[in-house]
Amino acid sequence: MATISTWGEPRKFDPKFRGPIHNRHCTDVLCCVIFIVVILGYIALGILAWVHGDPRKVVYPTDSYGQFCGQKDTINENKTSLFYFNILKCASPIVLINLQCPTTQLCVSKCPDRFATYIDMQGSYRHNKSYWEYYRQFCKPGFNKPWKSVAQVIRDEDCPSMIIPSRPFLKRCFPDFSTKNGILTVANQTTFKDGRGKTRNVTDLREAANGINNVLDARSVGMKIFEDYASSWHWILIGLFIAMVVSLLFLVLLRFTAGVLFWIFILGVIGIIGYGVWHCYWEYDHLQGTPGSDLTIYDIGFQTDFRVYLQLRQTWLAFMIILCIVEVFIILMLIFLRNRIRIAIALLQEGSRAIGYIMSTLFYPIITFVLIAICISYWAVTAVFLSTSGEPVYKVMANQTLCKYANLTCDPETFNTTNVTKLCVSAQCTFAFYGGEGFYHKYIFIFQLSNAFVFLWLVNFAIALGQCTLAGAFASYYWAFRKPADIPTCPLFSSFGRAIRYHTGSLAFGSLILAIVQLIRIMLEYLDHKLKGTQNSFTRFLLCCLKCCFWCLEKFIKFINRNAYIMIAIYGKNFCTSAKEAFFLLMRNVVRVAVLDKVTDFLLFLGKLLVAGGVGVLAFFFFTHRIPVFTQETPTLNYYWVPLLTVIIGSYLIAHGFFSVYAMCVDTLFLCFLEDLERHDGSAERPYYMSKSLLKILNKQNVEIKRH
């Protein structure tokens, strides 16, 4: 008879219980209603963002007049690149891309391809007007006064004082940097005229275009990577298909090899530690009589060179004692936990058998992947539309030290009639960014936060739905008394229907709790990023503690949710009741939980390593022309590591997808096994549902019913 423990009362026998309950009712209805309302609100938010947003603001650069460069059916249709009058005023490429560089920005059909200054153009204009025809395309539209003085042109910013050979990047004209013999150049020149009577070094452009060279080089590397993918994509797919086959074979063979793999590993660890003990003793004995070897660690104090300690007998004695303690601890753990380890291995083998009977479960992760991909796509599109929902904001651009109106908002249509142009002669009203002062624009940040929160909620719900569906299918297998004859038809589809029809509210409830914790973690990471430069040690310490605590809380909630979904799939109760019963059930069997968890983690890690590593080695030999049979078929690549890494990462993800189903299977069977032990006693009225191998390990058996 089971006894009552501090972790709740063990299950009472229910003669009507025969596995996952089919006669269910809806659970956590209130949360289900809230979840549906939130989804409808999320759709409304997407529509609102779509109405106010304009993705062209991301696709097309915007000039100082708020017009898009390269947009069809506009005056700038053929002017696809953005040109900066004085790029020296820009602090970095990030400033340029964010359209906040304090200089006139103009849409041009092509970037400058030569060095020139307005002064030189005026000098050549009298003899050859073609210089002006080329230079004027970088001046303001409609300006046709090449004789206007340089000082006035620069003051009014009618034309740039200089143009520099540039090339378009992200549809913006950046200096055409290159490195020659380790020296930074622009069009093979190291100096240029700034149009104001000074000759400057191209290194002066470095700050304004910091990092552009690396980005452009990365662009060239990106083109080569694209070429490699184009020539090797079919071989990559073959490698991923091999990974899928190997993953399936590994899961199927686990029923035969789980115990062997585990004990080989354990014996290997014991052997390695035993060798370590022998080696420490050999070093300890070998140093006997060596001058200085009998000194203690305390005598020599702290030394930065660790090899000094290896010359002491005391060091090797300490190592030997530590390894002996570890060896004895492992052996004692194996002796006392041998039955629990055997149970864990038997459950792993039973999981492999269950997947063999319900093969459709292996492909369910595809549904989860599609749902998460939809969530990510909707979140990304909504975020882009929200971020481009503002109206054009214009600001006064002038010398901040001489003009008090600098950086104030202005209206370009009425700007010339204001006093600003009189008080600040060179001031201009130019486009700055997209924003607004209306109700909608004031709460853009709240909308973005809501977008992120609902996204987390939906993603966690998709994962919860998958876990509950798989748990229901595998529970149907466990509670089938005669396997596979009593396994219901289409267990995966039936479980999915039950989860959607009856338990959407419970799954949404668990997902909501997890989403709240994840959002708090994101906000803490944001604060940590903003406060990274602060000198307040207490603030950094407090933030670090909070991040650590919420990380642990997230892990704990994921553990509770996973087991709660299993109980929901079996009994059909609400989330809180299921979470409580699952938690108490696991705590009553905490040692078994720990052993099963570690054994499962080890074998699945070994499987992922085997799949990714094995397929990766095969791909390495193939793409490096080291397999003579396929030498002619192997494509010529710029970087062989491109398809190699793709195959390795893809193989790992494929193995992770298959093994996640297996892990869910083992966890479900384990909870069912614990329920089976508490509910039944092996009598004719209360027979065990576990496999014969588990009955044998536990020294239990079902009473056979005699037939007359």
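Just so it is clear, glycine is given a Cβ too, placed from its N, Cα and C backbone atoms.
Feature transmembrane segment, per TrEMBL, maps to range 502-524 of the set 502-524, 548-570.
Sequence-distant contacts of the transmembrane segment (357-381) (same chain, at least 6 residues past either end, Cβ-Cβ under 8 Å): 42, 46, 248, 251, 451-452, 455, 458-459, 462-463, 465-466, 469-470, 473-474, 477, 483-484, 487, 491-492, 657-658, 660-661, 665.
In terms of C-beta pairs under 8 Å, the stretch of 26-51, 233-253, 454-481, 602-624, 644-674 lying closest in packing to the transmembrane segment (260-278) is 602-624. The stretches the transmembrane segment (233-253) and the transmembrane segment (644-674) meet in space: the count of Cβ pairs below 8 angstroms, excluding pairs fewer than 6 apart in sequence, reaches at least three. In this chain, the transmembrane segment (502-524) lies in contact with the transmembrane segment (454-481); the count of Cβ pairs under 8 Å, excluding pairs fewer than 6 apart in sequence, is at least 3. Put simply, of 26-51, 316-337, 602-624, 644-674, the stretch with the most CB pairs closer than 8 A to the transmembrane segment (502-524) is 26-51.
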